[in-house]
Amino acid sequence: MGSSSFLVLMVSLALVTLVVVEGVKGGIEKAGVCPADNVRCFKSNPPQCHTDQDCLGERKCCYLHCGFKCVIPVKKLEEGGNKDEDVSGPHPEPGWEAKSPGSSSTGCPQI
């Protein structure tokens, strides 16, 4: 095998390797966004997934509580929605308001 054939073979192998690695890392991203993670970790846990394709159903591969794992995503904000709105936590039912003992219907303490 001549040196030019060897060079063509090596370049071809390198290109195939890059394409395969990109395909494994990438994949199709599932709908939704990963939940917010406010946990501070001293050490990361081993990953349970690497891409969304590793997760069953609608679950996404997200970094949560010190490691990558398959979790149910939160829904994306609607077009034109408030970008500062927190979509990661539970939200009360419409009409619900916090009241403490001794407070008025406005939620302010009675004097």
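Cβ coordinates come from backbone N, Cα and C, glycine included.
Within the set Cys66, Cys70, Cys108, Swiss-Prot assigns Cys66 as the partner of Cys41, by disulphide bond.
Swiss-Prot records a disulfide bond between Cys49 and Cys61, which is the match among Cys61, Cys62. Looking up Cys70 in Swiss-Prot gives a disulphide bond whose other cysteine, out of Cys55, Cys62, is Cys55. For Cys62 (disulfide bond), the spatially nearest entry among the disulfide-bonded residues Cys41, Cys49, Cys55, Cys70 is Cys70, judged by CA separation. A distance of 5 Å separates the Cα atom of Cys61 (disulfide bond) from that of Cys70 (disulfide bond).
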